[in-house]
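Notes to accompany the following structure.
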Amino acid sequence: MSTRALILRAAALILLVAFVTMPQLFAFAFAPLTANNAPAIYNQGSLLALTLSHVRIVVLATLASTLLALALGIFVTRPAGREFLPLSRSLVNIGQTFPPIAVLAIAVPLVGFGEKPTFIALFLYGLLPIFENTLAGLTEVSPRTLEAARGMGMNARQRLWQVELPLALPLILAGIRLSVIISLGTATIGSTVAAKGLGEVIIAGLQSNNVAFILQGGLVVALLAVLLHDGLGLIERAAARRLGRPVDEIA
Amino acid sequence: MNTIPSRTAAPGTPTLRPTLHLDRLGSVIAGLIGLALFLSPFVTYRANRIVSGEGRLLVDALPPAGALGTIVVVLGVALCAVLARRPLIRLAAASMGLGVIFPAVGFSAGFVTPAGNTFARVSPAIGFWLLALAFALIAADALTRLRFGPWGRLVALGIAAGGLALLLLSGAWNDLSLMKEYANRAESFWREARQHLWLAFGSMAAACLVGLPLGLAGHRIPALRNAILQGLGVVQTIPSIALFGILIAPLGYLAANVPLAAALGIRGIGAAPAFIALFLYSLLPVVANTMAGLGQVPADVIEAARGMGLSRRQRLFQVELPLALPVILAGIRIVLVQNLGLATIAALIGGGGLGTFVFQGIGQSAIDLVLLGALPTVALSFAAAIILDAIIDLTQRGAHD
């Protein structure tokens, strides 16, 4: 990453932290967007608390979906789970046609309002990209590599942990990154079912016709998304670089 | 019981002892079916549309003969899932199962509702949904294994749609709460459905009109490429409800100050910001895939076309675009599925669409009203994905011939 890009990222991070901790400093920028002396900065709760709970639910849901998606992805690529592989492939394709808001709306009748339906929607929707990429990563490990590992006397467990998973890691991380970005946006919709998050700010803006609120909520989520996207991208590239040489030697 | 040679037997070696093969996936699904059939309520009965209800097991939800018949069929499907190997048999069994439980749940609604009671509501409960899921899983697995071509998949979709239409038009579901919600607002349902389709397809068409030339420009002029992709990438990070909201301000200003805009029906709230937001989200997949599709046309093919004396314009329309078509269509598939889902959010800013019922339902905690908006949305995205996948396969086949 070039120095200029790094400086831009650092500036975005500082802007984000400054904005959520001391939003009043930025009131001047939002004041022109309000009408009838409406408040320029969200005043029905702390932006910091909302941001933290927004991030918390995204992180928790992504952790849960990562665990399950990894376990499922490993299972269906083992001999014992082969019979489930074709179906799980089509389920991933079908699942992605489900709109997130529909998942959220269908979860509400089952578990009620609040954090729970949002968590379920984020969890279910987050499963798909991670599972898809885990499958792609594990099935793309070349048979020759596996044969070589077997020839070295590795058992199935060693092959999984020392060969297959490390080789699949960059793709799995890419899936996690995609899942996080989708979840950040979907979590804002969660506020329509009373989950604590930045969607509250946006919806308050929609209800009181205050563009300043809408912009603030959107801006914080967008900054979070850009920063997380880049941060996770760095980890991904590091994982790929670490693999870079061995992969080339084998291929 | 039928006996099937073990799958592990080496091909060509005759098995001396017939062994019973148990399908692992089928066994899991059979377990799900058992759970749904005997331990979960089949329908929920509520005294009126918003109070919480009580579950009724299948045996209490249908008259004895009907319940027995349904249980026999469902168990038969479960047995098929465990024992049958041929995908066609499994598909037929799953279709039969679906063909029984869907009318059964509608019939059950009429049976459970006390005669003359117009306030009581009956909805499908977790047991019904689990059964439907189990049968759908068997069918999806069988369809995957059958590897239908594009036409086969379209026919399967047509049959499923026909079955659903028959179910709804025959009135078999009229006693279900979902259909009562529909009957109460049939007119607005179709209006919002049309609005939903207009938002999704209209913004997709607009994105194609703008995105294809933009993608072409990015392909031809490398300096533009990154700028375009990065700019559109930033748009994608803005959460949908925020983008819908942010657009209210400039459009409201436009409507107040430019008479032509107001005459065209552009207002701050309503369909215009929703349409533009969907359009903005749609640009990235269209533009990125146009660039990718054009980029993968082999240089020697273009060289050959030049050698044949084709002009620049002829090369573009007769060689490059046809070869890039499958990739461009893949971008359009992403856009369409995404738009059909996102158009639901338009209701939050008064843009209409099926989301109207979702948010009304959430507001009134009326579950079936939520479903009235959500289920057609899911069905539309699902059908759009299957149809476009089939079209992509067909164009790919054309390109390879």
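From the backbone N, Cα and C atoms, a Cβ is placed for every residue, glycine too.
The transmembrane segment feature in TrEMBL is assigned to B:25-45 (among others).
Residues 1-2, 4, 20-23, 25-27, 29-30, 33-34, 37, 58-59, 90, 93-94, 96-97, 100-101, 104, 107, 111, 131, 134-135, 138 of the same chain lie 6+ residues outside the transmembrane segment (B:65-84) yet bring a C-beta within less than 8 angstroms of a C-beta in it. According to TrEMBL, the transmembrane segment annotation covers B:65-84 (among others).
Look at TrEMBL and you will find B:91-113 (among others) tagged as transmembrane segment.
Marked as transmembrane segment by TrEMBL: B:125-143 (among others).
Marked as transmembrane segment by TrEMBL: B:155-176 (among others).
Residues annotated as domain 'ABC transmembrane type-1' in TrEMBL: B:193-388.
Annotation comment: TrEMBL describes B:196-216 (among others) as transmembrane segment.
Summarising the annotation, TrEMBL assigns transmembrane segment to B:228-254 (among others).
Feature annotation from TrEMBL assigns transmembrane segment to B:260-284 (among others).
Using a Cβ-Cβ cut-off under 8 Å and counting only residues 6 or more beyond its ends in the same chain, the transmembrane segment (B:316-336) has close neighbours at 200-201, 204, 207-208, 212, 215-216, 281-282, 285-286, 288-290, 292-294, 296-297, 301-302, 305, 310, 384-385, 388-389, 391-392, 395-396, 399. What TrEMBL lists as transmembrane segment is B:316-336 (among others).
Residues annotated as transmembrane segment in TrEMBL: B:342-362 (among others). Non-local neighbours of the transmembrane segment (B:342-362) in the same chain are 181, 185, 188-189, 191-193, 195-196, 199-200, 240-241, 244-245, 248, 269-271, 273-275, 277-278, 281, 368-374, 376-377; each lies 6+ residues outside the stretch with a CB under 8 Å from one of its CB atoms.
A Cβ distance under 8 Å defines the sequence-distant neighbours of the transmembrane segment (B:369-392), meaning residues of its chain 6+ beyond its ends; these are 150-151, 153-154, 157, 161, 164, 178, 181-182, 189, 193, 196-197, 200, 326, 329-330, 332-333, 336-337, 340-341, 343-344, 354-362. Sequence annotations record features per position, and here TrEMBL assigns transmembrane segment to B:369-392 (among others).
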Leading stretch by Cβ pairs under 8 Å, where the reference is the transmembrane segment (B:155-176) and the options are B:25-45, B:91-113, B:125-143, B:228-254: B:91-113
